[in-house]
Amino acid sequence: MKTLEKYILFAIVLCCLLQLGQAIKCWDCRSDNDPKCGDPFDNSTLAITDCQQAPELEHLKGVRPTMCRKIRQKVHGEWRYFRSCAYMGEPGIEGDERFCLMRTGSYNIFMEFCTCNSKDGCNSAGIHRLGLMGVLTGTLLSVIVAHLLRQ
């Protein structure tokens, strides 16, 4: 195998591994449809959503979700919770997931917007890990590339 072909193969494998590392799973629910989505959060009847399988948004063509989000909103004295995949922004405030963006408005409206990507399901309430298949796939690809580079 020529040197250029080895570098191209290495780049392809690296891109595949990076894609595996970016995939995150998030809870997807609304408390106005399901009271278990509120706080305290009860995920016993909810399935976690693979954000890589989330539909492309019409107003964000080509943008894929990379984080989870949890929105806590108080409108006219009533609390609402929204949990889903997040397409834009950064985790937490300045990268610190312990902090959320808070906004208040007229008409007794309050909103807390939290984003995270540290682990699957991080939008449940408050270190993204690859699953076993991701680790095995990465290991297998690494062995194959190492073997091909030695030839």
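Just so you know, glycine gets a Cβ as well, placed from its N, Cα and C.
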Disulfide-linked residue for Cys68, taking Swiss-Prot as the record, within Cys26, Cys29, Cys114: Cys26
Based on the record in Swiss-Prot, give the one of Cys51, Cys85, Cys100 in a disulfide bond with Cys114. Cys100
Which of these, Cys29, Cys51, shares a disulfide with Cys37 in Swiss-Prot? Cys29
Given the recorded positions Cys26, Cys37, Asn43, Cys68, Cys114, Ser124, tell me which ones have a C-alpha lying within 10 Å of the C-alpha of Cys85 (disulfide bond). Cys26, Cys68
Restricting to the chain of Asn43 (N-linked glycosylation site) and a gap of 6 or more, list residues whose Cβ falls under 8 Å of its Cβ, or answer none. Trp27, Lys36, Gly121, Ser124
Out of Cys29, Cys51, Cys100, Cys114, Cys116, Cys122, give those disulfide-bonded residues positioned within 10 angstroms of Cys68 (disulfide bond), comparing C-alpha atoms, in sequence order. Cys51, Cys114, Cys116, Cys122
Work out how many Å separate Cys29 (disulfide bond) and Cys116 (disulfide bond) at their Cα atoms, rounded off. 16
